[in-house]
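Participant: Quick one: structure below, then a few questions.
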Amino acid sequence: QQSGRKYNLFLKRRLRIDKRHQSKDSIFFRDGVRRIDFVLSYVDDLNKEWEKKLERRKEFESNLQKAGLELETEDKKESEDGKIFFVKIHAPWEVLITYAEVLNIKVPIRENDIPSTVENPLDCMLSPLRLPEKVMHPEPDYFTAPFSKDKQELYLINDESTFFSPSMRNRIVNYILTRCPYGTEEGKKKFGIKRLLNNGTYTGAYPLHDCQYWKKASDPNCDSERYTLYMEWARFLRFYKEQPLVLIRKYYGEKIGIYFAWLGFYTEMLFLAAVVGLICFLYGLFTMDENMSSKEICDPAIGGEIIMCPLCDRDCEYWRLNTTCESSQYSHLFDNVATLFFAIFMGIWVTLFLEFWKRRQARLKYEWDLVDFEEEQQQLQLRPEYEAKCTQKKKNPVTQEMEPYLPLTSQAVRFCISGATVLFWVSLIIASMIAVIVYRLAVYAAFASLMENTQTLQPISGVLTPQLATSVTASCLNFVIIMILNFFYERIAIWITDMEIPRTHMEYENRLTMKMFLFQFVNYYSSCFYVAFFKGKFVGYPGAYTYMFNRWRNEECDPAGCLIELTTQLTIVMAGKQIWGNIQEAIVPWICNWWGRRKARNNPENLYSRWEQDHDLQTFGALGLFYEYLEMVIQFGFITLFVASFPLAPLLALMNNILEIRVDSWKLTTQYRRPVAAKAHSIGVWQEILNGMAILSVVTNAFIVAFTSDMIPRLVYYYAYSENEDSPMSGYINNSLSVFLISDFPERNEPKENPENFVICRYRDYRYPPDHEKKYLHTMQFWHILAAKLAFIIIMEHVVFIVKFFVAWMIPDVPADVKAKIKREKYLTQKILHEYELEKLKERLCQGDKRATEKEFIATEGRMELSRAM
């Protein structure tokens with residue numbers, strides 16, 4: 001039996017080798033001429049749904065052939081595991097030109113004769129960062145015009161098989177696949193490959209990569225663009241090189257190209273922010289020894305003699321201020337004068353980034369023939385799901401044709417359900433944040449008691465204070481909760497967006513984007529907002545502390561301020577998200593692909609076909625780019641909304657993004673099936689989100705500097721309350737701590753032990769001492785500081801906003817040379833089209849066509865003259 005099985009396996013392999021003469025990297029039908037534009041795969045499983053699926057496939061494939069597509073099926077005996085059928089699809093020339101006109105695809109009519117921009121004198125210095133010219137510009141630049149079947153002589157058609165690029169071809173085939181019917185079920189007409197994938201009729205639908213990524217294709221007719229992208233772009237050792245955006249756009253389409261253009265531009269702009277942030281951090285590092293506040297806290301004669309009130313009720317003991325010596329020194333790294341400068345700088349930087357990106361985007365729109373794309377998109381991208389689910393029809397006032405629509409009452413009900421669901425999940429995040437706050441309050445006393453009473457922790461007690469220990473553990477717990485909530489909400493957001501039945505693809509993406517971003521905004525930033533604006537602000541004072549739920553005493557800030565805790569929170573959440581994101585993006589797909597291909601490695605190479613290799617890769621779904629944008633926009637929020645607390649955030653983001661570009665390019669080139677090419681003229685609704693975050697960042701940073709850092713109280717003391725002219729900041733610590741008489745403690749707050757019989761203790765606030773007539777009420781200095789904080793917020797916001805709007809007004813959205821090129825290209829295109837029409841008329845006149853009247857000839861010539869004059 002064993003020898004029989006071996007013989008059968010030998011015959012099977014022999015048969016496959018005989019039947020397949022082309023290379024394993026072949027992207028052509030068996031005839032070696034017709035190109036494979038798309039592949040469908042399915043498993044012929046004999047379950048109760050088998051007959052229904054078979055019927056659907058027959059009907060669907062029959063309708064594809066009626067639409068003009070050519071199919072070739074690979075039997076399951078030919079596949080690696082003997083279970084999968086592959087249907088190869090080829091779009092012949094007649095289908096391509098028909099749908100190129102429908103999709104308004106722009107094609108070359110003449111080589112571009114507009115001279116390129118003046119060379120940058122720094123180009124010679126930047127040459128190590130450049131890629132070879134044949135990689136950056138793989139083909140000449142052309143004037144283009146929308147394709148028309150009636151004007152084929154007008155276009156530069158040298159070879160019909162290569163005139164439409166592979167990305168254009170797979171876009172056309174995908175357009176047909178998403179609209180092709182496959183029968184009627186439950187009285188409703190069913191159509192589209194997406195439904196067939198969802199119900200298991202097909203297991204995959206994808207265009208092919210043109211070769212293996214690690215070596216060129218053996219077929220001379222193949223451009224091996226995937227190999228070029230891998231060698232020049234997707235390897236980490238090329239991290240310092242520019243990106244081949246033209247080749248990315250040609251291979252993957254404009255939508256993916258515009259994402260990598262934005263990510264590359266964002267990373268370039270981060271370099272400036274990272275350098276300035278590093279300088280501000282170094283300023284704090286080099287001036288740490290000169291910080292008078294830290295000196296006084298660490299001085300045994302000052303900080304060592306100041307007895308602080310207990311950090312929790314009953315179980316905590318009195319403690320000396322100099323035990324927080326090291327944490328106060330580290331706090332100066334981020335809480336210094338440079339912080340204010342950096343907050344203002346980042347407010348201006350974010351405006352420069354957004355304005356210069358608009359200019360870069362305008363240049364790409366011209367270079368990639370996307371200038372008139374917005375109007376096309378609204379017409380073309382009606383979602384098949386919308387057409388299928390909306391059974392009612394009404395007349396379009398513009399086209400006067402009947403089209404599907406969703407009744408207003410149905411829309412209202414769906415939006416109410418959607419809004420309630422989003423509100424519930426946002427409430428769930430807020431509830432989880434409150435749970436983390438309760439955790440902080442509950443374990444704070446435990447940490448304080450543990451560190452005071454455990455001898456082994458004494459050596460690190462200077463660095464690991466109870467506040468820091470609580471903050472670190474709470475931040476880690478918060479990060480875990482964030483990732484768990486993310487996992488569930490992503491699926492809920494997609495479900496409720498599908499339920500709303502958006503009309504167009506753009507509308508679908510915009511709605512999903514807003515839902516996901518709102519959730520992620522609350523999820524990722526709520527803990528940072530708590531530490532920045534609420535922690536330590538509503539504590540009360542000894543004897544009259546405020547409590548959450550009348551049980552847990554509210555947290556106090558470290559005597560050196562809350563800024564170091566905000567820095568800790570920001571670092572853990574930001575760094576944790578980036579590390580986890582890279583693991584998800586790179587390692588998980590690699591492991592899945594390795595596991596899927598493990599059997600294929602034991603078989604001869606020529607038996608593992610191109611469509612099977614791509615079938616074993618991961619699917620880059622319709623929302624693949626959405627998650628990439630979301631990840632980067634959340635990061636953008638971290639480096640703008642809270643940058644005043646952590647000047648190194650842009651540097652962390654820069655290092656992550658350098659890695660991110662190569663990870664994204666590597667996984668797209670090596671670990672994922674080739675995505676269907678899609679058009680996009682901008683980053684879409686993300687632009688508006690970035691604009692909103694840029695405005696909000698000015699407000700949050702102003703509040704962080706005013707209320708979270710100690711800068712304003714120090715400045716008020718320096719200018720109004722200092723009594724030492726030689727050292728104006730000496731005495732600040734003593735001035736910022738109020739006095740409390742221990743005998744005034746109520747039983748609930750009083751520590752169980754007072755072995756050294758302290759009479760008074762100090763706490764962080766500006767209140768009158770116990771012997772004053774206004775006992776424990778706020779002093780005038782408190783109100784001076786509050787007024788200074790509010791004045792600072794108003795002044796900083798107005799200054800930064802004025803500069804922002806002035807910079808935005810000064811920088812035009814579209815560069816002058818691009819405007820000129822767009823106008824010239826439109827003029828030349830019109831001229832070429834008019835000349836073509838004039839030649840056609842001349843031919844008809846010469847042939848004696850009575851319809852080609854002399855008046856028509858004169859009118860056409862006059863239109864050309866008018867065009868020239870304009």
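Heads up, the Cβ atoms here are built off N, Cα and C, so glycines get one too.
Predicted, not measured: the structure shown is a model, and the values here were computed from it.
Found this in TrEMBL, in case it helps:
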{"type": "DOMAIN", "residues": "28-245", "note": "domain 'Anoctamin dimerisation'"}
{"type": "COILED", "residues": "43-77", "note": "coiled coil"}
{"type": "DOMAIN", "residues": "248-825", "note": "domain 'Anoctamin transmembrane'"}
{"type": "TRANSMEM", "residues": "259-286", "note": "transmembrane segment"}
{"type": "TRANSMEM", "residues": "337-357", "note": "transmembrane segment"}
{"type": "TRANSMEM", "residues": "422-447", "note": "transmembrane segment"}
{"type": "TRANSMEM", "residues": "467-489", "note": "transmembrane segment"}
{"type": "TRANSMEM", "residues": "516-533", "note": "transmembrane segment"}
{"type": "TRANSMEM", "residues": "633-654", "note": "transmembrane segment"}
{"type": "TRANSMEM", "residues": "689-709", "note": "transmembrane segment"}
{"type": "TRANSMEM", "residues": "782-811", "note": "transmembrane segment"}
Participant: What is the average pLDDT across the coiled coil (43-77)?
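Facilitator: Residues in the coiled coil (43-77) carry a mean pLDDT of 88 in this prediction.
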Participant: So, do the transmembrane segment (633-654) and the transmembrane segment (337-357) meet, by the test of 3 or more Cβ pairs under 8 Å (sequence gap 6 or more)?
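Facilitator: These two stretches do touch.
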Participant: Near the transmembrane segment (516-533), which residues from the same chain, at least 6 beyond its ends, have a CB less than 8 A from one of its CBs?
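Facilitator: Sequence-remote neighbours of the transmembrane segment (516-533) are 422, 425-426, 429-430, 433, 436-437, 471, 474-475, 478, 482, 485-486, 489-490, 493, 562, 565-566, 569-570, 573, 577, 626, 630, 633-634, 637-638, 641-642, 645, 689, 700, 703-704, 707-708.
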Participant: Using a Cβ-Cβ cut-off of under 8 Å, list the residues of the same chain that are 6+ residues beyond the ends of the transmembrane segment (467-489) and lie near it.
Facilitator: 327, 425, 428-429, 432-433, 435-436, 439-440, 443-444, 447, 451, 516, 519-520, 523-524, 527, 531, 555-558, 564-565, 568-569, 572-573, 576-577, 580
